[in-house]
Each structure stands twice: as C-alpha cells, then as structure tokens.
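The feature active site, proton acceptor is assigned by TrEMBL to His514. For 79-94, the entry in TrEMBL reads FAD binding site. According to TrEMBL, the domain 'FAD-dependent oxidoreductase 2 FAD-binding' annotation covers 80-112. Sequence annotations record features per position, and here TrEMBL assigns domain 'Glucose-methanol-choline oxidoreductase N-terminal' to 128-349. The domain 'Glucose-methanol-choline oxidoreductase C-terminal' feature in TrEMBL is assigned to 447-566.
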Amino acid sequence: MNLRRKLRARKQLKEDKTNVAWKAMDYCGPDPDVSVYSTQRAPLHGALLRMDMPRDAILQTIRSAGFRATTSSFLTVACDVVVIGSGCGGSVVAGVLAKAGHKVIVIEKGSYFPRSDLSLLEGDALSHMYECGGILPNWDLTTLFLAGSTVGGGSAVNWSASIRTPEHVRREWCDKFGLELFGRESYDRALDAVCDRMGVQTGVEEEGFNNMVLRKGCEALGMEPADVPRNAPPDHYCGWCHLGCRSGKKRSTTETWLADLADSGNGLILPGCSAVRILMHQKDRGPNQRRRVAKGVAVAFAFGGGVQEFVVESEVTVVACGALNTPGLLKRSGLKNAHIGRHLHVHPVVMAWGYFPPDKWPDNGKRNYEGGILTTMYSESHESGYGTLLQTPMLHPGMFATVTPWASAADFRERMARFSRTVHVFALVRDKGSGTVDGSEWVCYGMEEEDEGKLKVALEAAIRVLAAAGAEEVGTQHAKGERVRVVEGGVEWLARKVRKRVLRDGRTPVMSAHQMGSCRMSAEERKGAVSQSGETWEVEKLYVADTSVFPTALGVNPMVTVQAIAYCTSQSILKVLQKQKQKQKQQQSTI
C-alpha cells in the first residue's frame with residue numbers, strides 16, 4: 001500500500017464520525033473524556049477578525065478595537081507592530097507588546113479552532129491544522145516533515161515537551177558563534193518567564209503506556225531515563241494533544257501569550273490571511289547612504305471565490321512563519337542575505353516498535369494512544385555536543401498506518417489489529433548536516449553520514465529498550481517489514497541489520513517535527529541573517545521571531561528555546577518603540 005492510499009484511508013469515516021475498523025484495532029476515536037463541548041468562552045474571543053465578513057463589519061471591528069483603518073480601492077490598517085505567524089515565537093512577541101500597551105495585529109494563514117470546535121479526529125486535524133494536510137515531504141521523498149499551520153502554530157498540536165535550552169548549546173552559541181545573548185542573565189530571565197507563563201512542570205499522576213515502556217526498558221538496561229518537563233498539569237492524561245487540546249490544560253499559545261493579547265484589548269488576530277510581501281521604504285542616512293526600513297506587509301485572503309489583498313502599515317514588522325516558510329517570505333520581499341534559507345536543521349527521527357500482548361505487562365487497560373504523549377526520555381550525550389534522544393511519539397491509526405511497512409495484506413491487517421498494544425520509541429539526532437528551503441514547493445534536505453551513524457546507534461538502542469521492557473516482538477519501519485520474536489534471539493539479528501543498513505535511501509521512514517536554523521542569528525552580517533536583537537541585517541525594523549533564528553540544531557524539543565528567544569526579541573522591540581515615542585514627543589514639543 002503506497003503512502004497516498006494510506007493517507008486517504010485515515011480519513012474514511014461513516015456519517016456518525018466513526019470508522020468500522022476502530023473496534024478491530026481497539027481504538028475509541030476522539031477522547032471520550034472530553035466529549036462534552038466546552039461552554040466556556042474561547043480565550044481569544046473578541047480579538048479574532050475574520051476577513052471574509054462584509055467590508056463595513058470589518059472596518060467597524062478594526063476601528064472599535066482602536067486601530068486606524070482607511071479604505072479606497074483596498075483596505076489599509078495601521079498599527080504599532082504587525083506579527084506574521086501566531087506560533088511559539090510570534091505569539092510571545094505579540095502578547096508581550098500588546099500587554100505593554102502597543103497596538104498589535106497578528107496575521108495567520110491557518111484557521112482558528114476554539115476548543116469546542118476541535119473534533120479530535122486524526123484525519124480532520126491533520127488536514128486543517130498542519131502544513132500540507134499533515135505530511136510535507138522533502139525533495140526526494142526521503143524525509144517527511146510535520147509542522148503546525150493554525151492559530152497557535154506548533155504549540156497547538158505539539159506533544160507538550162517544554163525543555164530549557166541545554167547548557168552546552170548555550171555555551172556553543174555564545175563562545176563559538178559570538179552570541180553573547182545566550183550567556184547573559186537576561187536569557188535566564190527569559191527562560192524563567194516563558195516557563196512560568198506556560199506552567200511548565202515535570203510531575204505526572206499516571207504515566208501512559210508508551211512512556212511506561214520507555215522508562216522500564218531504560219531502567220532494565222541501566223540507562224537512566226529522565227522526566228520530561230511539560231506545559232501541562234500532572235493530571236493531564238491525554239493522548240490527543242497533537243490534534244488540539246480540547247480541555248485547554250495544555251498551555252499552548254492560544255491559552256497564554258495570545259490570550260494576553262486578547263485580554264489587553266490592544267490586539268487583533270486575523271486567521272486565514274497570508275503574507276504576500278514585506279513593505280519597505282528607503283531611509284536617508286547621509287551622503288550616498290540609504291537603508292531600507294520595514295513599514296508593514298501586504299496580505300492576501302480568500303473571498304468570494306477569489307483572492308483579495310489589504311495592507312497593514314506598522315512601525316515594526318515581525319516575521320514568525322516558521323523555519324520552512326520565513327525564508328520564502330523574506331526572499332519574496334527582496335532580501336538578499338546569503339544565509340536566508342540555508343542551514344536548515346530538522347532533528348531527523350527514525351522509529352522502532354515493540355508489541356506487548358494484552359495478557360502481559362502492563363495490564364490490558366493500557367493502550368498506546370492514551371496518556372501524556374511525552375513524559376519520559378533518554379539522552380545519549382556525545383563529546384561533540386551532538387548526541388541523540390530516545391522519546392515516544394503519538395501515532396493514532398492514520399499515522400501508524402502511514403509509517404507501517406507493507407509486506408502483504410495479511411501482515412498489514414495483523415499489524416493494525418495489534419495497533420493499541422504496539423509501542424513506538426523514536427531516535428532523534430541533533431543534526432550537524434543541514435538543508436535549504438526557499439519558499440518553493442520542496443525542501444532540500446539529506447541526512448549526512450555522521451548524523452546517520454549516530455541515528456543507527458540510537459535506533460539499535462531503541463530496539464533493545466523495547467525488548468528489555470517485555471516486548472514479545474520488535475521491529476523497525478524499514479520497507480522489508482522484518483518482525484522478530486524477542487525470546488528466539490531475534491534482537492541481535494535485527495540489531496546487525498540496523499547497523500549495516502542505510503537510513504538515507506528512502507526505505508526507512510525518516511520524520512521531522514522540528515525545523516530550525518534557516519535564518520540563523522549571528523554576531524556579524526556575513527555569518528547570518530539576523531542580529532542578536534532578532535532584527536534582520538538588511539532591513540531596519542524587520543525582525544524574525546521563530547526557530548529559523550537558531551544558530552544550529554538544538555538537540556531537544558524547541559518550544560521553550562524559541563519562546564525565550566522571542567521574549568528577548570520583544571524586549572528589543574519595546575526599546576525601539578519607546579525610543580520612537582520619545583522622538584515623536586520631542587518633535588511635538590518643538591511645534
């Protein structure tokens with residue numbers, strides 16, 4: 001069964017939103033514990049503006065929110081700051097600046113789904129809340145990317161891991177790249193601020209099946225597992241958060257920074273709107289010296305079967321479209337820095353699986369799609385600082401089927417029937433290699449040999465962890481679909497296969513949920529795309545606030561790091577806006 005057929009199969013539901021195959025897979029569908037729609041007011045209520053409304057209604061909403069708007073042949077809205085993208089980076093900047101009293105408009109190409117509208121159906125969520133319907137391949141189809149595309153961005157659909165920037169990474173960025181920001185106390189304060197706002201903690205009242213297996217297997221092999229900090233409370237036993245969090249317990253940006261913007265009364269969020277290009281003007285800086293200054297963005301939205309455009313004029317423009325999309329917008333807008341779109345790191349991931357019969361440990365009440373998605377991990381350090389992680393994914397039937405190899409109809413049917421008691425452990429490498437992205441249809445990324453070698457060692461470790469935890473059968477996702485029984489000594493045979501095989505040939509699914517580095521931060525213009533303040537080297541008052549500014553791959557889940565960097569960027573922007581207001585006051589006093 002090819003990938004396209006598997007993707008279609010995950011969306012096949014009856015009229016009552018159920019699937020006849022669920023019972024055979026011991027799958028319940030949407031989380032039954034949150035089946036009652038929430039009656040609470042959505043946290044972003046009052047700050048949302050749909051551009052498909054009549055023009056008069058749009059103008060009334062904009063002006064009643066305190067923004068200036070004019071209309072002739074097209075609509076023009078004025079604000080202090082426009083933020084393009086509402087994910088982990090852009091939302092922090094928007095929330096901080098709006099709370100400080102500045103008028104902020106957030107542009108988001110994805111749709112907004114309040115808690116009550118979340119279906120928690122896998123096909124529906126992947127189609128509407130992720131880039132390219134859930135699967136974005138690289139140019140040669142050897143790597144599949146997952147990236148959020150909704151209000152809240154990746155924070156709305158990620159797995160809650162909230163890990164601070166590792167100390168060795170901070171030292172590398174500070175010492176090797178000359179980025180003093182990461183050695184300052186101000187960065188410590190930024191980490192504290194974002195972790196506090198997200199309610200990050202490590203406790204868990206009950207661990208889910210997948211993480212129980214990872215923890216037990218590591219302990220059996222003398223490998224020390226670690227608790228994963230999460231932006232969710234200890235009682236959040238939910239395996240559906242990658243489809244949106246209907247309870248609101250996961251502290252995504254829609255529950256935190258964007259909620260701050262909404263509560264301030266100083267912001268508007270415009271879903272379903274795509275940035276076309278950054279608007280600029282030339283600034284005279286003396287004899288023969290002119291520099292471009294950002295003054296807003298041209299925006300497009302679907303209306304009446306066609307596409308319309310409007311303009312947002314701003315004192316400061318912030319691009320936060322994510323590492324896959326920010327380079328394209330900057331290039332479309334005329335930026336020429338050679339580092340834009342280069343140095344793309346993706347944390348390549350490969351998976352091993354183990355089958356645990358329902359009559360063995362743990363008890364039959366445990367299923368692989370229930371419980372906190374990421375509560376346990378194992379970290380394998382490396383002297384270079386570029387090591388690997390073992391963590392657990394969340395694969396509901398559609399994604400499970402997508403990565404499951406096809407050996408025969410009978411084999412595939414049996415694997416799917418074992419779905420709820422099959423645990424996956426993935427290996428993730430902090431990649432030294434990198435790719436490119438320019439806003440075109442394809443991402444150019446190929447794993448380098450050194451990264452592949454580390455990933456194979458980690459994949460072998462994942463197999464051994466599953467076996468040590470009590471799996472009856474283990475395997476990988478290689479196209480040959482080998483399955484080996486643990487009691488028959490199959491683990492050693494499979495380990496030898498893993499060591500010998502190539503991971504870069506497209507026969508083993510390689511996934512990426514973290515993309516970073518494509519507009520990297522640097523101490524000098526010749527070494528990167530943005531400065532330590534987050535401002536682009538080429539254009540004044542144009543900032544980038546997403547994972548694309550990472551100087552290298554991070555090595556852990558990036559949510560806390562990107563929010564901390566964005567928090568620091570927001571402080572830099574605050575100083576610019578304050579300086580601008582002081583200048584305006586001085587000019588007014590001389591009149």
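Placed from the backbone N, Cα and C atoms, the Cβ positions cover glycine too.
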Same chain only, please: residues at least 6 beyond the ends of the domain 'FAD-dependent oxidoreductase 2 FAD-binding' (80-112) with a C-beta under 8 Å from a C-beta of the stretch. Say none if there are none. 44, 48, 66-67, 128-129, 148-155, 194, 253, 256-261, 264, 266-275, 296-297, 299, 312, 314-322, 325-326, 329, 543, 545-547, 558-559, 562-563, 565-567, 569-571, 573-574, 577
In all the protein chains shown, the tally of other Cβ atoms within 10 Å of the Cβ of Val81 (FAD binding site) is 28
Need one number: mean pLDDT over the domain 'Glucose-methanol-choline oxidoreductase N-terminal' (128-349). 96
So which of the binding-site residues is most packed in, judged by how many other Cβ atoms lie within 10 Å of its Cβ, out of Gly85, Gly87, Gly89? Gly89
DSSP assigns the residues of the domain 'Glucose-methanol-choline oxidoreductase C-terminal' (447-566) as 48 helix, 20 strand, 52 coil
Among the binding-site residues listed here (Cys79, Val83), identify the one with the smallest other-Cβ count within 10 Å. Cys79
Judged by the number of other CB atoms within 10 angstroms, which among Ser91, Val93, His514 is the least packed of the recorded positions? His514
Going by DSSP, how much of the domain 'FAD-dependent oxidoreductase 2 FAD-binding' (80-112) is helix, how much is strand and how much is coil, in residues? 10 helix, 10 strand, 13 coil
Per DSSP (helix/strand/coil reduction), Cys79 (FAD binding site) sits in strand
